[in-house]
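Beneath this line is the structure, given in structure tokens, with notes to follow.
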Amino acid sequence: MSHNFTESYDIIVIGAGHAGVEASLAASRMGCKVLLATINIEMLAFMPCNPSIGGSAKGIVVREVDALGGEMAKNIDKSYIQMKMLNTGKGPAVRALRAQADKEVYSKEMRKTVENQENLTLRQTMINEILVEDGKVIGVKTATHQEYAAKAVIVTTGTALRGEIIIGDLKYSSGPNHSLAAIPLADNLRDLGFEIGRFKTGTPPRVKASSINYDVTEIQPGDEKANHFSYTSRDEDYVKDQVPCWLTYTNAESHEIIQNNLHRAPMFSGIVKGVGPRYCPSIEDKIVRFADKERHQLFLEPEGRDTEEVYVQGLSTSLPEDVQKDLVHSIKGLENAEMMRTGYAIEYDMIMPHQLRATLETKKISGLFTAGQTNGTSGYEEAAGQGIIAGINAALKIQGRPELILKRSDGYIGVMIDDLVTKGTVEPYRLLTSRAEYRLILRHDNADMRLTEMGREIGLVDDERWARFEIKKNQFDNEMKRLESIKLKPVKETNAKVEELGFKPLTDAVTAKEFMRRPEVSYQDVVQFIGPAAEELDEKIIELIETEIKYEGYISKALDQVEKMKRMEEKRIPANIDWDDIDSIATEARQKFKKINPETIGQASRISGVNPADISILMVYLEGKARSISKNKEKQNHV
């Protein structure tokens, strides 16, 4: 079939949400000519749901995106109205940063970045069709019948694919925030042979700030101590005049209103068909599932400095508008609240992610990548993490360079992608710290140590940032060596100081590092014995040193597990393997192998329903095949 291409690009990204902007920025910064196509330019990097970035596990993803050279962390550091470190009373593995965003500023700042990026064209247009020939992407076709050539296409359409908004018995075609739905593109993906799922998410009502009685709610201020998402941000730029959030609760009256109107709730009347998120359920779902709970938390979150809109976090609903008003007015502090926007549910198509490789390229079509909610995830941060990986790998593919696959031990982004492509998902996927088996080495404080070198090799970390990183890494390494080399001996003067600080005296000589392993001993305590470092250390480096030393035993065990898994990941499975040729593996394992087509022994071992015996049989089979190929080569060489 002949095509009339009017423009040509290396990569075309469809959708300018949080996945799309990261994908397009990464690819263009790597030297590719990129088109970022969006249905509505005004919604670039928009926040149709909660006005925040970060949180448990998610905040670590934002730092990983930053370490690789992405934009989300820098952008939220320019647009937050409140910053808070979560789980400070718990161990370092679960600590994470969360920022309340000024959603308009966030979107505008990201748009400035996109518009000023070299090699990147931003255009408002609707893509209706992905053009494919001989199993390869060749371009796209727009709603206005324009055809653009491309070597790779990245689909990051969020909830727009055949999107439908639902409020009570009202249901209409729409993308997020009442934008246009991408129906022809959804049809096109089905026609291309992809297995499509149907998911659902939702959003709560927004209320007017001046109509809230804050006196009967609990204030939730931000942190005074400076924290940032981006490693490039400076403490002196930390916002001091932060905007508080407020805490209130549902009550018996709220629950009664919901119970009395369940017959009108789309969730229970049969109107909603899509599968909703387990970890962010609607309020009506919570009331039914947790009927024994007397109340549920609700956070009143301002959507920005220059707007009256307040997001009622925890009150996601698709109940009819009149019921929503009664529900809002039953809540303490919201008795006279003016509802500015109605909550709604949105159903949308998504691609079942077992059809993807770990690069986020589809197995079916070469050069076609997908990222974000299109792959069945929920959340801006999960979208950004996938977006940057899809953008990087699309660029690497057309440049003929080795692909980037983040392992589960590299970062939460690696955990997420491996979960998606190996296990799939039957509901909107949300990242949790419990999903990561190596979470003690995937911390908020060490994302740069884990991933900056990768970002540099790819070409996304510039010279200035690399120089700063090298200084930090050298300072960290040098101080760790110093702490290992200096010994504290149990002599009278030393023990006198030890006891003066309130610690048990030394009985044997120990290194400064060993002394610091004591739970009660801080880095500053140790400095009193050995003196300060040659260079003054930043507080963040000191925190990193303390964590690495105090949790060294656990970290060491985790790294041993990583090495074992690495050996399994290095054992590749041929792409053309005939799974029916392998005798003795269980029927369930054979079915799963055919469906997912794992690329390594490590990936195969993580598929649900596959047991160790199946893996052993698979390894024996592959070793036998390798020997057979080797013998055939020897025979040919003798001929």
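The first residue you see is number 1, and the count goes up from there.
Even glycines carry a Cβ here, placed using N, Cα and C.
Here's what Swiss-Prot has on this protein:
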type	residues	note
BINDING	Gly15, Ala16, Gly17, His18, Ala19, Gly20	FAD binding site
BINDING	276-290	NAD(+) binding site
Excluding Gly15, Ala16, Gly17, His18, Ala19, Gly20 themselves, the FAD site's Cβ centre has within 8 Å the residues Val13, Val21, Glu22, Ala23, Thr38, Ala45, Thr156, Thr157, Gly158, Ala371, Gly372, Ala383, Gly387
Whole-Å Cα distance, Arg278 (NAD(+) binding site) to Gly20 (FAD binding site), is 25
Most isolated by CB count within 10 A, of the binding-site residues Gly17, Gly20, Gly276, is Gly276
Ranked by how many other Cβ atoms lie within 10 Å of their Cβ, the binding-site residues Ser282, Lys286 are led by Ser282
As a whole number of Å, the Cα atom of Phe290 (NAD(+) binding site) is distant from the Cα atom of Ala16 (FAD binding site) by 37
Cβ neighbour count within 10 Å, max among the binding-site residues Ala19, Cys280, goes to Ala19
Ala16 (FAD binding site) has its Cβ surrounded, within 10 angstroms, by a count of other Cβ atoms equal to 30
Among the binding-site residues listed as Gly276, Ser282, Lys286, Val288, the Cα nearest the Cα of Gly17 (FAD binding site) belongs to Gly276
Same chain, |i - j| six or more, Cβ under 8 Å of Gly15 (FAD binding site); the result in sequence order is Ala37, Thr38, Ile39, Val155, Thr156, Thr157, Gly158, Ala160, Gly372, Thr374
Residues near His18 (FAD binding site) by Cβ (under 8 Å) yet at least 6 apart in sequence within the same chain, in sequence order, are Ala45, Met72, Gly372, Tyr380, Glu381, Ala383, Ala384, Gly387
Of the binding-site residues listed (Arg278, Glu284, Val288, Phe290), the greatest number of other CB atoms within 10 A surrounds the CB of Glu284
Binding-site residues Ala16, Ala19, Gly20 vs Lys286 (NAD(+) binding site), shortest C-alpha separation belongs to Ala19
